[in-house]
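Undergrad: Straight from Swiss-Prot, here's the annotation block:
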BINDING   GLU398, GLU405  Mg(2+) 1 binding site
BINDING   GLU405  Mg(2+) 2 binding site
Amino acid sequence: MLKEFREQRINEIKQISAKGVNPYPYKFEKTHSSQDIKAQFENLNPGEVKEDASVSTAGRIMSLRHHGKSAFFHIKDFFGRIQAYIRQDIVGKDVYEFFKEHIAIGDIVGVKGSVFKSKTGEVTILVKEIELLNKPLRPMPEKWHGIKDKEVLYRQRYVDMIANDETLNRFRIRFEIIKLIREFLNSKGFIEVETPILEYVTGGASARPFITHLNVFDIDMYMRIATELYLKRFIVGGFEKVYELGKNFRNEGLSYKHHPEFTSIEIYQAYADYEDMMNLTEELFVFIVEKLFGTTKVKYQDIEIDFSRPWRRVKMRDFIKEHLGVDILEDTEEKMLEVLKQHDVEVEIKDKGHLIEKLWDLVEDKVVQPTFLLEHPVEISPLAKKHREDPRVTERFELIIYGREMANAFSELNDPVDQYERFLRQAKLREAGDEEAQMMDKDFVRALEYGMPPTGGLGIGIDRLVMLLTNSPTIRDVIAFPLVRPISFEEEEMNLEGGSQE
């Protein structure tokens, strides 16, 4: 069926060309978006025509209803949909006959005309000129919204965006969030910088890296798992407020909140500590939410998330003790293992840091409203400064919302001797088989030896933030072109032919 449709369309395009019409023109002068037109003419009365108005817009035809020598159709552009009305007595017989014979749902067209409000109160373009801008070779997926196999949507996100306004809007919001983050930080005097994606030594997080090969030097390199260590080199060099927003790569599994290629932002401020980063985090999130929604309250999965300041603060030690009855600072590793066993948690690496992280995993989903989780033990915070009052823990926080880590921040460790010793401990974990332990980065230690001022650092997961603010249940819904298990193009085509859109 798809093959026959394509052949029919190819023949139709030849017919259109034979009539002297270019089915793929080079340009169209679009002066108004659908949103512009509706906003400008919303105050018209039903039935009122604004003859002296002149608009020019373009988009994809999403619906089409013929009525003899006239037709109504809806055009969809990036900002929404708008109705258009075409009549033979206005555009002329030849133009209307061409429209009737060759223009169909899915075609991209440009229209020019005046504006009126229909009797039902819908702002409508009265078409005076129309131009075919593209005739697709594939049919529009009328039942695309009913697909049960979401991997089809992920593989062909472009069609998902065409068919589902909510998908297009979700990504519009995503990039609006990114724009707002930059606007906020730039207004605070932060400078956006760039750091390497290919690294000789990777670090800044506990994760398994991707390995690639650089032919010119004939060496293996790593794709970055975080931007932290190079951003702190900027601070050493004399920058005082920096950030980088970009992709990181971790060779790990897929889940509703994990994706091997993901977007994050890291922010560093000299002469600041983690208290300053908490204030900055609250201020940034409230700025974004209020700009997007005009309120500090957001609905996520039927739960109202309230971003009103100040946010709750709780120590990791206290929270785990409250819910599991184990003290991560005082109790033995045997006691921690016993508690984990009671909850059917298998532990491959019995290092104390891993045990603490496994314990936290058991209780993380109990945090719903924005909460700063404070004072992580030194064992799981190799880049954070020891707490000024209790050296067993660090000046670190994670922002937890709806049971998910949204941000991670420290008073940054700037003692090169302490940093070297912590890298040594991480190196021993790697030797013991922990592929996520951090690598020894001697150049970073050397940078610290030149002196880094007291610094506060903050990292925010952009994808999880977008999930929260678009009410999306899984991370792949907010990544435009996420990873899916590869199948052949032919198999994909067979799936479409077989009615996977039903």
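Numbering starts at 1 and runs along the chain as it is shown here.
From the backbone N, Cα and C atoms, a Cβ is placed for every residue, glycine too.
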Undergrad: Inside 10 Å of the Cβ of GLU398 (Mg(2+) 1 binding site), count up the other Cβ atoms and send me the figure.
TA: 20
Undergrad: So what sits near GLU405 (Mg(2+) 1 binding site) in its own chain, CB-to-CB under 8 Å and at least six residues off in sequence?
TA: GLU364, GLU398, LEU399, GLY461, ARG464
Undergrad: Translate the DSSP assignment of GLU398 (Mg(2+) 1 binding site) into the three-state scheme.
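TA: The residue in question, GLU398 (Mg(2+) 1 binding site), is strand (DSSP, three-state).
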